[in-house]
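Engineer: Before anything else, here's the structure in question.
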Amino acid sequence: MDFIRITKVDGMRLVRRSPGGIDEFVGSLHLTTHHLIFIADGLELWIGYPMIHSAMLERPPRLPKRDDAWPETSPELSQWALDGSITIRCHHFLFITLRCDSVRKLYDVFATIKHLSTIASIEQLYAFDYQQKKAAAPFVYNPREEFARMGVTASTMWRFTDCNQKYQLCPTYPPVLVVPARISDTTLMHAAKYRSKRRLPVLCYLHPNQASMTRSSQPMVGLKQARSVQDEKLIEAILATNTTLDKNIIIDARPTTNAVVNRAVGAGSENMDHYRRWRKVYLGIDNIHVMRDALNTMVEAIETGDGHIVGRIQGSRTNWLRHIENIMVGVKTITEAISLGHHVLVHCSDGWDRTAQLTSLAQLCLDPFYRTIRGFAVLVEKEWVSFGHQFTLRCGHLGHLDKFKVRRAAARPEDESSSEASDPADSSGFDLLQSGTMFGRFASRALRNVQSRITQAIQDDTMDPFSEYAELQPNYVSGLSRTKHDHETSPVFQQFLDCVYQLWVQHPTMFEFNERFLLDLFYHLHAAQFGTFVGNNMRERTELKLEERTYSVWSWILLGDYQNELYQEERDVIVPDTGFIQYWAALFTCHDPAFDKDGDGAANGDPTEADAAMGPKLDSSLDLNSNVWAS
């Protein structure tokens, strides 16, 4: 492809900071259409470009001055090039630094990575080219079958509606919805107008005691305290599906202040005067921007930390762990209410981030089916994929240009001193140093500095080809267009997996899957190797024909060995212990199979091996210089 400036670099040095210290390798780097591949003795590392969170090119420091020219093959120039580097941060918390003895090759590699990591279309992702070699395990999520399993078809109080088959009711909802039987499709169309993004209250879970869990987005209340008769009828009909107690709960996941502020833009929260037999609970879970900042703070601590990072993070109760605790408190509230027979309506702002976290985790606690491997797949497909979590936007699959930065490395102290010592006297024929005045000494020094900078600029242009790379310049304008702001990325699904891990640790015998199962799902959340976590809603997925053109991650997962040896099938309800929140060491220390020399799997000693699902492996029959790759 035109934007692959270089396909292979021999003698590339890779440095990785790990919990045990610094790992250094020398090998060959291959750049392909979809992967960065590093091969050395005992190491084969594959990094898909969507896995790259950010990268920093550190140009070598300015060349020390010398009278003669620098030969291009001189050892000094090679050593100077090694002072430059590319530092890469991956979404799965792998941190590597690349160095080579050619500054041009270094720039070629960085320019290629930047190009291939910042793409214009979802259809350029690896999922659309990936060909699975193993026979796919059959898995198709069927909403009618799943809601029938809950008892919807046996109930006269709920019904399926197909009024969203063409996404005219709500563009980000699935085609098949479950609503109270007494509510007509006409009423639904009017009620949808009152909710943000038309995400009206619909059923997501029906408990055996007939208590319901419904989900929606915030109401469009505004400063004038607008109301909707159709919305009120819909929520009243939810109550009528079961002779229930009072104290049914409307869960507003946001902090109270955020909900009130949203009135200024025409949104807000329910006026409880219009919703009888309901009470409202604010959970105080922060928005996507706060969560992104909390993760970045955690990453900085990990990247610059030492072997005692786990103890320090666990002991300090970082913002990340406090956010996890906050979510778990909300899950506990919902779980206890449903168990007691109360209806619960859950929403945040738009109903596709915090809402999905809460509804899916609460169902995991309430229903043992979702704690099986296949059941967990159904849960994710239902609550996250079909109800429109914006995976591509939140994960940043298309990449962001501002995540690829360039800076100049600082000069070595010995180079600075030698440069100053070797500055020749002014050669203009008038040596101001001969003047004993303070002005003479100052003017002479200033003139020498100007001459030195001019000489240095000429020498840099000769030896350093950075000016030839237009795409690396600070004023470069890309032709990429973005329909969404780059700051919309956020670790929403990662937090969900972290909360699942907390439940898994607290109740180790109640989950069929092991820790590696969760780690592999997190890897594929960002790898874009499968179509499951690609796209932002069902309408977009349908237009892209993802089911036909890509493989499902579950088709691979269901073939893997993810069995929890401690699992005992129990039907008990899980109540989260919100006072027992742990730092997930295996996730944040990046157990990439490339570095998992002992094949130990997860960090807690789980016996499963590092499965091939954690990324493609090199096919020895492939031409390493080719741009066409398959795993």
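Cβ atoms are placed via backbone N, Cα and C, with glycine included.
All annotation found in TrEMBL is predicted automatically rather than curated by experts.
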Engineer: With TrEMBL as the source, identify the stretch among 10-30, 52-72, 598-618 annotated region 'Disordered'.
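Structural biologist: Residues 598-618 are the ones TrEMBL records as region 'Disordered'.
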Engineer: Quick check: with Asn287, Ile288, Cys348, Ser349, Asp350, Gly351, Trp352, Asp353, Arg354 left out, which same-chain residues have Cβ atoms within 8 Å of the centroid of the substrate site Cβ atoms?
Structural biologist: Ser217, Ala253, Thr355
Engineer: Check each residue in the chain of Asp350 (substrate binding site) that is at least six apart in sequence and keep those whose C-beta is under 8 Å from its C-beta; list them in sequence order.
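Structural biologist: For Asp350 (substrate binding site), the qualifying residues are Ser196, Lys197, Arg199, Ser217, Gln218.
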Engineer: Among Asn287, Ile288, Cys348, Ser349, Asp350, Gly351, Trp352, Asp353, Arg354, listed as contacts of substrate, what is the widest Cα spread in Å, to the nearest whole number?
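Structural biologist: Binding-site diameter by Cα atoms for substrate: 12 Å.
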Engineer: Could you tell me how many residues in the domain 'Tyrosine specific protein phosphatases' (325-361) are helical, how many are strand and how many are coil under DSSP?
Structural biologist: 23 helix, 4 strand, 10 coil
